[in-house]
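Peer 1: One structure, pasted below without further comment.
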């Protein structure tokens, strides 16, 4: 067993440092690399994966978890041979555990299933020491000794291959039963090469993508959160200089493969084969060879292949140091590469601190990417800089004239700036391009309502609800339309639908209370207000609306308590103080009424109704003083 351990350590060399110090150094370097982003915001996909995700936020760590279980599965497969007392035999328990860990890796990330293929390659070429070149030569020369290759006649090897094959098939079957056979629906902007009519164009561009991925491993300087939407224009002719990149990639790969197959040094063959296995096999699901993927380049899929890259780089520098006397120079180059990559990692982690830095960092990398301009515009709009946001949204639409989300957001801003005609044109175009775009239909309805085109607005709202049944905001806006048309029952029904779908929809509750109050249905308004406050007990606007109803019903004490609670939550609301003053005025607490009228007018000196009521109160107080005199 000790001899087998030594052999495996020779195949996969352990670190130069003692294990404890090696772990300490790696852990420290990792902390330094990512230290700038530990207190950063949740950005980009984090909003959906973590903030708005109710089942588990751990989905945001899919790549890390997939890589963890991938490596555990591989190490478990290695352990199967370490646990055996005889060379060539194995521990079935560790083989089965490796398959189980591979299944867990796949559940974290589909890419994880490829570990079973890597384990098979490791078993054949490393444990079995199969010389592929020798086997091919014997097959071509019809050498009878081909049938006597030891690894192929080893019962333990065949049993392990059967376990890996059946385990992989079982995992894929379970995945198929859960998720079905149909691939996700991708669009041309996600992966334009896969939609090209010419097989040759597809092949050239796929190979260019491979070259670009390889370059990102070698020189991870140009990084982008999203590589879709025109970020990488298609290669459509042989005259495009970029065709040299796939040629260079395959030249390097063929050279490495030849060394892995033809080298007389069996140790070199096994190291190169294992490194290439780690580099290539985990990347296969992202290669477009087996099915269309929804991206052009995705830096996350390079996380596992980077292990193979590191193995090849380390082996290369090790081999170089053996053939040169300038070992210090080699060491300096290695340390320099490590330092530069650490520096790049620190810079990149700083760019992920917040969305503004992340999105702007992509502008220099992918200036032709409409999604980059869209996200910069959205970030600016969220911060209230509408003028700059409009500029980026317009650029996004220029780069991708079918970018309906950019049209929708631009239309929203134009609507808020009262540029209603252009807003209607953009939103109409968005729903024409994507007829099931519910949000655009709703926003189109809002614009049409503002233009007094009520029938068209109602049709738009109804279309939005048809495409998204559970759409509380659309029901809320539909209710506002009906209120404007004095269709009070329809308005109340629409707002009730909004609160059923979203019980915390404060605006819908408020509008119901106010409409019932304005139409004299005080008892019903009070019931709705109490129901709303039970669901949203800390909403000061609901307290205010219910307090108004209670005041009109002469329930002064309860109304006062709600007004004061609303003011405590939002002390600078002039209307809250003004309406409390009206309550005190009716109630006969004139000094308190005077105090809150004055506070209200300090907060909003232009409030004409408060001015008028305050004037009435002062005249009344003056008359009372005259009577007292």
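Our numbering is plain: 1 for the first residue shown, then up by one each step along the chain.
Cβ atoms here come from the backbone N, Cα and C positions, even for glycine.
The model shown is predicted, which means the values in this text are computed figures rather than measured ones.
So TrEMBL has the following annotated:
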DOMAIN    182-254  domain 'DUF1736'
REPEAT    370-403  repeat 'TPR'
REPEAT    404-437  repeat 'TPR'
REPEAT    438-471  repeat 'TPR'
REPEAT    472-505  repeat 'TPR'
REPEAT    574-607  repeat 'TPR'
TRANSMEM  20-38  transmembrane segment
TRANSMEM  58-78  transmembrane segment
TRANSMEM  90-107  transmembrane segment
TRANSMEM  113-136  transmembrane segment
TRANSMEM  157-176  transmembrane segment
TRANSMEM  243-262  transmembrane segment
TRANSMEM  274-295  transmembrane segment
TRANSMEM  301-320  transmembrane segment
TRANSMEM  329-347  transmembrane segment
Peer 1: Can you tell me which parts of the same chain pack against the repeat 'TPR' (574-607), counting only residues 6+ beyond its ends and a CB-CB cutoff under 8 A?
Peer 2: 540, 544, 547-548, 551, 556, 559-560, 563-564, 566-567, 613-614, 617-618, 620-621
Peer 1: Using Cβ distances below 8 Å and needing 3 or more such pairs, separated by at least 6 in sequence, tell me whether the transmembrane segment (58-78) contacts the transmembrane segment (157-176).
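Peer 2: These two segments do not touch.
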Peer 1: Do you know the mean pLDDT across the repeat 'TPR' (438-471)?
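Peer 2: PLDDT averaged over the stretch: 96.
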Peer 1: Among the recorded stretches 157-176, 274-295, 301-320, 329-347, which has the greatest number of Cβ pairs closer than 8 Å to the transmembrane segment (20-38)?
Peer 2: 329-347
Peer 1: List, by number or range, the same-chain residues at least 6 past the transmembrane segment (301-320) whose CB is under 8 A from its CB atoms?
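Peer 2: Result: 63-64, 66-67, 70-71, 111, 213, 216-218, 256, 268, 271-272, 274-280, 282-283, 285-286, 330, 333-334.
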Peer 1: Mind checking which residues reach the transmembrane segment (157-176)? Cβ under 8 Å, same chain, six or more beyond either end.
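Peer 2: That would be 88, 90, 92, 95-96, 99, 102-103, 106, 110, 113, 116-117, 119-120, 123-124, 128, 151.
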Peer 1: What are the DSSP helix, strand and coil residue counts for the repeat 'TPR' (472-505)?
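Peer 2: Across the repeat 'TPR' (472-505), the residues distribute as 27 helix, 0 strand, 7 coil.
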Peer 1: Same-chain Cβ contacts of the transmembrane segment (90-107) under 8 Å, 6 or more residues past its ends?
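Peer 2: Distal contacts: 65-70, 72-74, 76-77, 79-81, 83-84, 113, 115-116, 119, 156, 160, 163-164, 167-168, 171, 175.
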